Amino acid sequence: MDFEAVANYSRLHAKPPGVSLQYGTAGFRTKAEDLDHTMFCMGLLAVLRSKQTKSTIGIMVTASHNPEEDNGVKLIDPLGEMLAAAWEAHATRLANAEEEELQAVLTDICQKEGVDLQHSAFVVIGRDTRSSSKKLSQSVTDGVSVLGGQYHDYGLVTTPQLHYIVCCRNTHGNYGTATVEGYYQKLSKAFVELTKQATSHRDGHMCLKIDCANGIGALKLKEMQYYLPGSLVMHIDNDGTKGRLNHLCGADFVKVHQKPPVGFEMKAGERCCSFDGDADRIVYYYIDAAGRFHLLDGDKIATLISTFLKELLVKAGQTVTFAVIQTAYANGSSTRYLEETMKVPVHCGKTGVKHLHHKAQEFDIGVYFEANGHGTVLFSKAAEEKIRYQAKEEKDNRKREAAKILENTIDLINQTVGDAISDMLLIEAILALKNLTVPQWDAMYTDLPNRQLKVKVADRRVIDTTDAERRAVTPPGLQEEIDDLVKKYPLARAFVRPSGTEDVVRVYAEADMQEHADNLAHEVSLVVYHLAGGVGEPPKTAAS
Ligand code: 16G
Ligand code: MG
C-alpha cells in the first residue's frame, strides 16, 4: 500500500471537522456537502474488500428516498448482497478516522480480514440522479485508484441494476450479462415469455401509471421501454423534468402519508404505482369510484406473489420449502391471511434488507417484503435447478407449463435485492395471467388501519429492542406502558424502534379503526417522548 499517496489524496478529500457518521442499514447517509471524505474512504475500503473476496465489489452513490440535498453510499458484496456486517464496522471506523490514523486503520483492517494486498481489485460504481452524485462518485474513484484498484463507472443506474451487475460479474455471466442492456434483455425476455399466455392485456389491463419520484427510475424505464412489448402501456410520470426528487411523491411519501403523490392525476380504477428515488421500492394504489384511495403496499405485493408461486408449485407437483419473511411493520391482516388462509409459514425479521435476505435464504423459495415496498424472492440453487429441469423434461403437459411459468418468474425477479422495475413487471405479469384487476387483488384481505410517527429524542440509542423489534427492552418501563395502551383498542398492536437512517425513533400502531390507530400512535409517541428523552415540542396528534 502506498501510504504516502493515500495521505496526499486524503488531504484533497479532507474530513470535515466534527462530522461523525455510521454505516447504517443503508450505508452512510447525510447531507451531500459532508460526504466527500466518506466517499473517498469507501473507494479505499471497496479495494480491500475486493482483494479479500477476490471478487468485484459495487459502490452505489444514492440516498434513496431522502431529499435532494442528502446523499449516501453503500457497498455491494460479491453476489449482489449487502456488505457483510463485520465490514460495516470497518467502514464506520475508516470514515471516522482522522488523517493521521488512516494508515493504522487500513493496516488493521487488512490484518483482521486477511486481505491479500498482492491480489488485484475491481470495483463497479453507480449513482442516482442527485446533482451531488457525480462529483461524489469521482471521490469514490479517487479512493479506488489510489490503492491501485481498477474500476468501471456505470454512471446513472438504479440501485438494483448495480446489484445485478455485481452478481453477473462474479458469476461469470451465469446470472446475466453485466451491463444495463443485459439487464433489460434478461428481464424483458422473461416478461414476454411469461405474458404470452395471458389474454387479459388485450382489453387494456396492462396500462399502468408510474410515479418515478423524479428519480433514476424514470430514465431507466424510458430506456427499457424499447425492450418491452407494446401491450404494456406505461405512463411515466414524475420523471424529473418538472418536480424535485422525492418531493411530495415517490413510494415512501405514498406509503407513509397513505395518499397519492401531490398533483398526480388519477382516474377511478386506474392502476398506479410509485418507485422511490433509487428504484428499489415500489407500492401500487388506485382510487375507487367514490374517490377513496387504496394502497397496495409491500405486504399486498408479497401476498400476490406468494399466492401465484404457491399455485404454480402445486400445479407442477414441486415439493419445496416455501416461506414469507416480513418485518414488524407488516400489517397484521397480511400475516393472518398468509398463515391462516394461504397456509404459508411466515417469519418476522428485523428491518433492513440484509436481515430479511438472510432469513429468506434458509428456504428453497423465500419471499421477503417490507411493508414499505422493498422486497424480492430468493430461489435456492437446488430449487432453481429442479424447476429448470422440469420445464424442459417433464412429460405431463400441465406440469411442464407450470414449471415453465416458474422458470420465467425466476428470470424476471432480481434475486440480488428488491427492485422496483423487476417487481413491477412481475406484478403486471401476474395480474395479466390471473386476469385480476387491482381492486380484486386488493380484496384478498383488508388492511388494519395503521399510523406511523416519528419522535425526536436526544439519543435514540437509549431504545433497545428484541423479538425482531417488536418489543422494547430499554428504557425501563417503556414496553409496559406500550402494552397498557395497546390493551385499550381492539385488534391493536404497536412498537417503537430507533431508525437506522434518521436521527429519530419510529412509532408504529395499528388497530380496528383509523381513529384508534391514530390515537394509539400518538399516545405511544408521548410515552417515548417522556421515557426516552424527547427533545423539542411533545408529539402532536396524527390529525394535527
Ligand atoms: C433502509 C433499508 C430499508 C429499511 C429502511 C428503514 C436497505 C437497502 N434499505 O432504507 O430496508 O426499511 O432503511 O429505515 O436495507 P429506518 O431504519 O429509518 O426506519
Ligand atoms: Mg431506495
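Cβ atoms here come from the backbone N, Cα and C positions, even for glycine.
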TrEMBL annotation, Mg(2+) site containing D276, D278, D280 - matching residue among S64, S120, S499: S64
Least buried by Cβ count (within 10 Å) of the binding-site residues P498, G500: G500
Whole-number Å value for how far D280 (Mg(2+) binding site) lies from E370 (substrate binding site) (Cα to Cα): 11
Candidate nearest D280 (Mg(2+) binding site) in space, where candidates are the recorded positions S64, N372, P498 and distance is Cα-Cα: S64
The one of D276, E370 whose CB sees the fewest other CB atoms within 10 Å, among these binding-site residues: E370
By Cα-Cα distance, the member of binding-site residues P498, G500, R506 nearest D278 (Mg(2+) binding site): G500
